[in-house]
Amino acid sequence: MNKTVETFDPKQTTTLETPAKTLAAEAKASDGTIQGNRIGFVSLGCPKNLVDSERILTQLRIDGYEVTNSYDNADLVIVNTCGFIDAAVEESLDAVREALEENGKVIVTGCLGAKENQIREVHPDVLEITGPHSYEAVLNHVHKYVPKPEHNPFTSLIPQTGVKLTPKHYAYLKISEGCDNRCTFCIIPALRGDLDSRGVGSVLDEAKRLVESGVQEILVVSQDTSAYGKDKDGRTDFWNGMPVKQDITSLARQLGKMGAWVRLHYVYPYPWVDDLIPLMAEGLILPYLDLPLQHASPRVLKMMKRPGRVDRQLDAIKKWREICPDLVIRSTFIVGFPGETEEDFEMLLDFLREARLDRVGCFKYSEVDGAVANTLAELISEEVKEDRYERFMEVQAEISAERLARLVGRELDILIDDVDEEGAIGRSYADAPEIDGMVFINGETELTPGDMVRARIVASDEHDLWAELVALED
């Protein structure tokens, strides 16, 4: 069961489960049908890394390679790594070790690939290492060790949207790379560089292809979604002969006209986030805001190099909910940041009680190699971190239960993700895949993943909802 308040677990929070399941299913379905050389593939990390994996896999298929999730019958294995926090680094290094032991020929890419010396020190036998979004370099390395098949009669079978590691009814849409912020606990700019926004026409073209292929939910991701277009100085681009400004509000407005759910992730709390709320109230995009706030103590926020006016944030949340009463706010916070005092932590709890956020992730501070925060102040003991985490979770669990209870009795659109012998499992507008809760519709075994249904909410807890089917929508 997915949780509203979660601790850090690489299998849940850093590495999504769905891509591995999808890759395994596709490999099984195509096993032996493509007479080309086989490439094993492991995709770790967040949705942004998942999109990188999809691009590499698409080009591999175009080049005639068969992709498999099995090491022993692959000619080579690619491991797309995560390097965000130390637990993710350990998971990535373990995956490389397993690939070397099972196969012996391994190419490493992704965020951890930006730290080649660290990988070579542990795994000197790795063939090649590239950093994140190095698609061309990865393919060139593959061609070097496993020559490209001369003929691939199956190229025409590759969907227009490319290979996807998500179910057919939802997809991640990455709108930019890198980040211009310098949060002291984060090393993403060192791994992925400064902000580099895609052209708005390119983004909208991809979104249109996704919707035309049957995607019903577009999850917009980047390192800093609300900063989209800042590096382009808000210049106007053109799409379908129409001028569109390169900023997140203009992009969201156009995405909202395509007829799919549009969900925004990783929205940094800039002032212009205010402009997105009316789009949610109008129903153009989902009234769901993934807004990582990280803390509520002005002193800690200053050490983090994050926006520090908590009173302004509370005022903003109040104003947003007045404009869009159905708004669901997800956020993440760090407890046990170096130098965090009991007073700082109590400020965080007070903020939770006043803000009444819907979905919250809590992370115990983890030392990240190269992060400035490690040297700012005395590190907090693991015992204190655990105590603060448990107290945080206890407070937020009660709030989450209260926020979900308000949905009981309402009819909501539910997007079905899975069906088993007990019934259907889906998500409402309040639930992003894998990180939020689920909606259980017991007894409805005739539904299909990708169905959009109308359901009446009959029960809730602090994480999930239970519903009764009202109607199957077109």
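Using N, Cα and C of the backbone, Cβ positions are placed for all residues, glycine too.
Secondary structure at Cys111 ([4Fe-4S] cluster 1 binding site), as computed by DSSP, is helix. The Cβ neighbour count for Cys111 ([4Fe-4S] cluster 1 binding site), using a 10 Å radius over every protein chain in view, is 28. Per Swiss-Prot, the feature [4Fe-4S] cluster 1 binding site maps to Cys46, Cys82, Cys111.
Taken residue by residue with DSSP, Cys179 ([4Fe-4S] cluster 2 binding site) is part of neither helix nor strand, so it is coil. Annotated [4Fe-4S] cluster 2 binding site per Swiss-Prot: Cys179, Cys183, Cys186, in sequence order, evidence recorded as sequence analysis.
For 37-147, the entry in Swiss-Prot reads domain 'MTTase N-terminal'. With helix defined as DSSP H, G or I and strand as E or B, the domain 'MTTase N-terminal' (37-147) counts 55 helix, 22 strand, 34 coil.
If you look up Swiss-Prot, you'll see 165-402 marked as domain 'Radical SAM core', on the strength of sequence analysis. For the domain 'Radical SAM core' (165-402), the mean pLDDT of the prediction comes to 93.
For 405-471, the entry in Swiss-Prot reads domain 'TRAM', with the evidence type sequence analysis.
The highest number of surrounding Cβ atoms within 10 Å, among the binding-site residues Cys46, Cys82, Cys179, Cys186, is found at Cys82.
There are 18 other CB atoms within 10 A of the CB of Cys183 ([4Fe-4S] cluster 2 binding site), with all protein chains counted.
The domain 'TRAM' (405-471): residue composition by secondary structure is 1 helix, 35 strand, 31 coil, according to DSSP. Closest by Cα distance to Cys82 ([4Fe-4S] cluster 1 binding site), from the binding-site residues Cys179, Cys183, Cys186, is Cys186. Here the C-alpha separation of Cys46 ([4Fe-4S] cluster 1 binding site) and Cys186 ([4Fe-4S] cluster 2 binding site) works out to 15 Å. Cα separation, Cys179 ([4Fe-4S] cluster 2 binding site) to Cys111 ([4Fe-4S] cluster 1 binding site), rounded: 14 Å.
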